[in-house]
Amino acid sequence: MKTLRFPAGLYGITPEWDDTDRLLAAVRAAAAGGMTALQLRRKLADERLRAAQARALAPLCRELGVVFLVNDHWKLALDVGADGAHLGRDDADPATVRAQAGAGLLLGVSCYNDLRRADALLAAGADYVAFGTVFASPTKPEAVHAPLQTLTEARARVLACPAPRPAVVAIGGITPANVSQVAQAGADSAAVISGLFEAPDIQAAARACAAAFSVNP
């Protein structure tokens, strides 16, 4: 299998927690369970808190060996030394970000259920393409649905890319109970928010999610 630009496995997405100490402890627990990447996603926080949490998470993720990305705010990602940024449809243009940030910044992109969007963003150099929601999501209850077949079709596209190839990420309503479905459908990684960080045992939830990818490489 071609080497991936973005790590396979469990991709944690931060919940809307203002308590930074609680967040850092949860990230440690998730990493202990096998989380390979983390995205700071703070849609409701003010700029100061978002930046403070990014500055706290960047060195922690380096210590833990977890790839760290910032949602939307790619300049903040650069400022704190994050590994990458995640961009949605309404965020900065990925090609523009790539031109300004250089090849060293990982860029992940939301593709919803749109394979043609994925084709264009893969051509622009995206390091992963994310599809969802694959299951009903408590975080985005009104989001578009991306069926599991979308992951299978996306995988065929990324396998045609030169090595190291981009990854396929699934998001939306993923829990330890259903994560194996996205792995079997072709996702390299599962992005999980409440199914991880709202679990009664975060480390155990992380371990269960990570295991789905160890048996479905």
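FYI, residue positions are counted from 1 along the chain as it appears here.
Yeah, the Cβs are placed from backbone N, Cα and C, and that goes for glycine too.
Worth saying up front: this structure is predicted, and the values here are computed from it rather than measured.
Here's what Swiss-Prot has on this protein:
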- Gln39, Leu40, Arg41, Arg42, Lys43, Asn71, Ser110, Lys140: 4-amino-2-methyl-5-(diphosphooxymethyl)pyrimidine binding site (BINDING)
- Asp72, Asp91: Mg(2+) binding site (BINDING)
| request: Rounding to the nearest whole angstrom, report the longest C-alpha distance spanning Gln39, Leu40, Arg41, Arg42, Lys43, Asn71, Ser110, Lys140, listed for 4-amino-2-methyl-5-(diphosphooxymethyl)pyrimidine. | output: 16
| query | What are the non-local neighbours of Lys43 (4-amino-2-methyl-5-(diphosphooxymethyl)pyrimidine binding site), defined as same-chain residues 6+ apart in sequence with CB under 8 A from its CB? | reply | Glu16, Asn71
| said: Under DSSP, is Ser110 (4-amino-2-methyl-5-(diphosphooxymethyl)pyrimidine binding site) part of a helix or a strand, or is it coil? | reply: strand
| note | One finds that other Cβ atoms within 10 Å of the Cβ of Ser110 (4-amino-2-methyl-5-(diphosphooxymethyl)pyrimidine binding site) number exactly 22
| request: For Asp91 (Mg(2+) binding site), write down the residues of its own chain that are at least 6 apart in sequence and whose Cβ falls under 8 Å from its Cβ; none is a fine answer. | output: Asp72, Trp74
| field | CB within-chain contacts under 8 A for Arg41 (4-amino-2-methyl-5-(diphosphooxymethyl)pyrimidine binding site), separation at least 6 | value | Ile13, Thr14, Asn71, Asp72, His86, Ile193
